[in-house]
Every structure is written in C-alpha cells, then in structure tokens.
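A.B. asks: Could you have a look at this structure, given as structure tokens, before my questions?
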Amino acid sequence: MLEFYGKRFESRLLLGTAQYPSPSILADAVRASLSRIVTVSLRRESGEARAGQDFWALIKALGVAVLPNTAGCHTPREAITTAHMAREVFGTNWIKLEVIGDTDTLQPDPFGLVEAARILCDESFEVFPYMNDDLIVAERLIEAGCKVLMPWGAPIGSGRGLNNPYALKTMRAHFPDIPLVVDAGIGVPSHAAAAMELGFDAVLINTAVAKAGDPAAMARAFALAVEAGRLAYEADPIEARDMASPSTPLLGKAFL
C-alpha cells in the first residue's frame, strides 16, 4: 500500500486537475482513475473566486486527498509564500514544491528547490519536491527534511515518457526506503507501467489524461497500467539478455 507522511492509500496513481474540458469530465476522470490523491494549483483555483469555490466543492465531493502545488513559482520566496497560502486555503500541511528554473523546459531549479524545501520542512510542511533525476539533489532534499521525492520522467507536458530510465533505476536503488513518484512527462499508460516496473511507488499524471480524447477512459487505462507495472515489479521479472535462452525443454525430443 502506498504511504506518504504516515497516510496510506490503495491507489498508486496521483492525478492532476488542470486543463480538463469541464468540471464534470474532471470528476469522471478522477473516479475512473481510482486515484485517492489529486494535485491542485492554488494560483488557478483561488478559494475566493466563485469558480474556485465550485472547484473546491467538486474536489470535496469526490472524497480525495488534496496535494496543493506551487506551480508557476520561479523563486524560493515565491514558492514559500504560495505554500503558506495553500495551507490556509486547503487545510493541509502537504505541498508539492515546484521552483522552476527554465521557462522553456520547465526544468526545476535544484538550488532554489533545496532552499525552499529546507525552510518549508522547518515550518512543519510535508514537502513533495518536483525535481530532476540527480542523486545529489535528492540527497540534499532528504537532508532538508523531505520524506518523498518526485523526479521527472521528462519535461512537464511533453508526453515523452522516461527520458533517462537508467537514472531513475539508479535513484530507486540508492533510496530503497524513500517513496519515489515519477512526476511529469508521462504520455501513455505504457510509460506509467515502465516507471512502476522500475520499482517506483507511484506516478503523477495530468496532461496525458486531461488532453486525451476521452479523459475518463484514459484515466482508467492509466489505473490498469500502474497496477500491472507494480504487480510486475513485485513478481521479480527476469533480467534482459543479449543472447537467446531456450524456453522449450529438450526432454522427449527425438535425436537422429
């Protein structure tokens, strides 16, 4: 069972709530995904606006846990301010910390991320840092107090899947006891299954579901892929080989 900061969840699929064609389609996708955690952007879903109130009512009706994020923040100060606002609006210490360093690739700023994470952890936030796949950055985030890491698979919204599976596999081996979530870049369910087969604890999907022709159907496909990938990992799959290995026994074969 998935566990973040002492809270346990049956589903290993986290779902973003941005870019859906309508609130009803979002609700259908969340239900189809079986996800128990959704991410929310405070900047987009202001609790003071009527639209924000309607959105918040929809999320509460779904009965899912909310993971607010600091999307769009480019400095530690900006991210910290947004995190405090999110805690007040959504009533949770959870925060998906994003400090963006490059506007073209939306690559996280590792230096600003670690700085903001250290301050927020000291202020009793439970931080989910969106990061690259660098082991040293991961070490610094853990030292800062993060108990979950969210390395990217590929740039946000790119749909490229896992750009560097070797780095992700290395991170899994290096941090066997830290919950790891592949965040960003997942395009199709097979990408999610591949991440889970590497031993990751969960994946976060947004654009691939929200922008699909049928978001609810795609959400269901991702739910099945995540489950299949996890089962495959737990089943201890065979290692890839460079040469063939016969699978049919020779017993009973006629020799001339």
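The backbone N, Cα and C atoms fix where each Cβ goes, and this holds for glycine too.
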A.B. asks: For the 1-deoxy-D-xylulose 5-phosphate site that Swiss-Prot describes with Ala184, Gly185, Asn206, Thr207, which of these is also annotated: Gly157, Gly199, Gly229?
C.D. replies: Gly157
A.B. asks: Which Cβ among the binding-site residues (Ala184, Asn206) has the fewest C-beta neighbours inside 10 Å?
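C.D. replies: Minimum Cβ neighbour count within 10 Å, taken over the binding-site residues Ala184, Asn206, occurs at Asn206.
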A.B. asks: Find the longest CA to CA distance in the recorded 1-deoxy-D-xylulose 5-phosphate-binding set Gly157, Ala184, Gly185, Asn206, Thr207; express it in Å as a whole number.
C.D. replies: 9
A.B. asks: Just name the winner among Gly157, Gly185 (the binding-site residues) by count of other CB atoms within 10 A of its CB.
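C.D. replies: When each Cβ's neighbours within 10 Å are tallied, Gly185 tops the list.
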A.B. asks: Starting from the 1-deoxy-D-xylulose 5-phosphate site formed by Gly157, Ala184, Gly185, Asn206, Thr207, give every other residue of that chain whose CB sits within 8 Å of the mean position of their CB atoms, in sequence order.
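C.D. replies: Along the chain, the qualifying residues are Gly16, Ala154, Pro155, Ile156, Ser158, Gly159, Ile186, Ile205, Ala208.
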A.B. asks: Can you check what DSSP calls Thr207 (1-deoxy-D-xylulose 5-phosphate binding site), collapsed to helix, strand or coil?
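C.D. replies: Note: Thr207 (1-deoxy-D-xylulose 5-phosphate binding site) is helical by DSSP.
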A.B. asks: Indicate whether Gly157 (1-deoxy-D-xylulose 5-phosphate binding site) is helix, strand or coil by DSSP.
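C.D. replies: Going by the DSSP assignment, Gly157 (1-deoxy-D-xylulose 5-phosphate binding site) belongs to neither helix nor strand, so it counts as coil.
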